[in-house]
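Let me begin by presenting the structure, written as structure tokens, before commenting on it.
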Amino acid sequence: MLRLENVVKTFGGVVATDHVSLDFPDGSLSAVIGPNGAGKTTLFNLITGHLVPDSGRILLGDQDIAGMEPARIVRKGVGRAFQVASIFPTMTVEQALMAAVASHVHMSEHLLSAFPPPSVRQRAEELVELLGMGGVARLLCSNISHGDQKLLDIGLALALEPRVLLLDEPTAGMGPEERWQMIRTVRRLWEQGRMTLVFIEHDMDIVFEVSQTISVLRYGAVLAQGTADEIRSNPEVIEAYLGTENYEEQPA
Amino acid sequence: MTLLREFRRDIAIAVVAFLVLLAIGFGIDSPWPRDFLTSIFAFGLLAMSLNLLIGYTGLVSFGHAAFFAFGGYVFGLLLQWEGFTSALGGASVPLAFVAALIGTALYSLVIGAICVRLTEIYFAFLTLAFQMFLYSVILSWVSLTGGDQGLMGGIPRPPFLGIDLGDAHHRYAACALVFVVCVLIMRIVTESPFGYTLRMIRDNAQRAAFLGVNVTRVKLICFVVAGSIAGVGGVILALFTSGAYPEWAFWAQSGEAIFMIMLGGLNVFVGPLVGAVALRILNDVVQMYTSHTEIVIGLVILFVVLGLRRGLLDFARDWWVDRQQARLAAANREGEER
């Protein structure tokens, strides 16, 4: 389980994260929404150790991970994909996944053996299949489509067999059809991987369709957390974020 | 051993390369090929080990020759020290070699621990600063190092196991063996899980960290391996010249190694070695016609950098990779259409 308790982060005078308390139960699929600058990515940076909170606790199970080194938090089972696909341009898709798996099984510092070790290759091949990237496995990461790059980014995080997977706008920069395809893949990965998955998303149709719980952030603070129906009918959310008439008319 | 099986192809190539080197050195009745190749062994190891940092890890060091010089000086100083050679007798050459290797490893561990946390220009300048510090120490500690004269009077080389490094043929064969073994070690390291971790760091260090890689420690290990192999290069040059000279620790020596990498190519394993050979030949040819070698070599490098925009072997590699990628992409498109 991932739980944030009263987490605060300020940059100078700006409060980027304002006493945020959120619960993500084991095996849940949750969305984080909020206008630009609401502190969604900052929240992910705090959870993954990229930023250190000023105060508050971030509990993974019953351990406080706030302020730990990113690499240590990764080892505890928190994987992450980025808003702009963060991949390895000169490696092939297959190599990137194998290198990520090698890191996961603590082989990154093996100098005197051949890459990839058979077990690593096998696991990477499973991932390629899971992601449906067989056709592009031997292409360089810089030569694949934007959508495939985003998918590979998620695949790299999956190589760590995370208990908690954080996806920062998995559909960013995609067309409507591509978005749905991506989100269906994400949902399938979640069902098969049985992990806690939290994603940031702007497209309300997608959010309401796939997530079990939705957290709404505004000005760094939590405005509401609940199911799709609860969020839809929450007057504060309607007023502050979705608009008073019909959320579907709001630009995604 | 699994290592031998996994790298049987590279080991076979290394054995063949060693035999070819022996055939050249012993078959041709002139010292010229032996001398030329021995200097290639030394500078080739310097450039190839530097490329572990530049090409594989994306760490541009301007102070790599410090380790080259350090290895050469430790080796030379130990063998010139009478107490060492008289106490150890026949074992003194191999032990001086091991001491030079371990000494350079420790020295690069200290320098690396300070430098690898920095990136890009800060890393480059700090490595340069440490190199110039070593250079100043060598120049000013005249009683130990001979200052700007270098280690004069020759390096004694007591025979061991029937090998007499005072003999030109023996020396050449020993240097060739050490060179081939070092290249093979670098080949294994770059094709290991560690080698691919280096590529991850070069491409995207932050992402590597988020995948659980301890980036600082991996860089430090790479720095120590690269420094140690440069040190072995220095030992070869010390054996070859029967001395050690402060220019080896001068910044221009590191610059020359970078030239070799740029000329030969940094994305192909043997690129820096090809660069070392090309630069040596270029140097020797130009010297036959003019004493202004530096300006001619500068122009050639300018042409390679601005004209080809990459090293000689990188050019070939990119052409091949582009073709292969286009073929794979076309196959993928066809697969999707069906």
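Numbers run from 1 along the shown chain.
Cβ from N, Cα, C; glycine included.
For reference, TrEMBL has these:
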type: TRANSMEM; residues: B:37-55; note: transmembrane segment
type: TRANSMEM; residues: B:62-81; note: transmembrane segment
type: TRANSMEM; residues: B:93-114; note: transmembrane segment
type: TRANSMEM; residues: B:121-142; note: transmembrane segment
type: TRANSMEM; residues: B:171-190; note: transmembrane segment
type: TRANSMEM; residues: B:220-245; note: transmembrane segment
type: TRANSMEM; residues: B:257-282; note: transmembrane segment
type: TRANSMEM; residues: B:294-312; note: transmembrane segment
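Highest Cβ contact count with the transmembrane segment (B:121-142) among the listed stretches B:37-55, B:93-114, B:171-190 falls to B:93-114 (criterion: pairs under 8 Å). Sequence-distant contacts of the transmembrane segment (B:220-245), counting only residues of its own chain at least 6 positions beyond either end whose CB sits under 8 Å from a CB of the stretch, comprise 35, 38-39, 41-46, 48-50, 52-53, 56-57, 59, 61, 64-65, 67-77, 97, 100-101, 103-105, 107-109, 111-113, 115-116, 145, 150-152, 154-155, 157, 165, 171, 174-175, 178-179, 182, 185-186, 189, 194, 198. Away from its own ends, the transmembrane segment (B:171-190) comes close to residues 3, 7, 10-11, 14, 17-18, 21-22, 25-26, 34, 37-38, 41-42, 44-45, 48-49, 52, 56, 157, 163, 165, 198, 225, 229, 232-233, 235-236, 239-240, 269, 273 of its chain (Cβ-Cβ under 8 Å, at least six residues beyond either end). Away from its own ends, the transmembrane segment (B:257-282) comes close to residues 36, 39-40, 43-44, 46-48, 50-51, 54-55, 60, 62, 64-65, 183, 186-187, 190, 296-297, 300-301, 304-305, 310-318 of its chain (Cβ-Cβ under 8 Å, at least six residues beyond either end).
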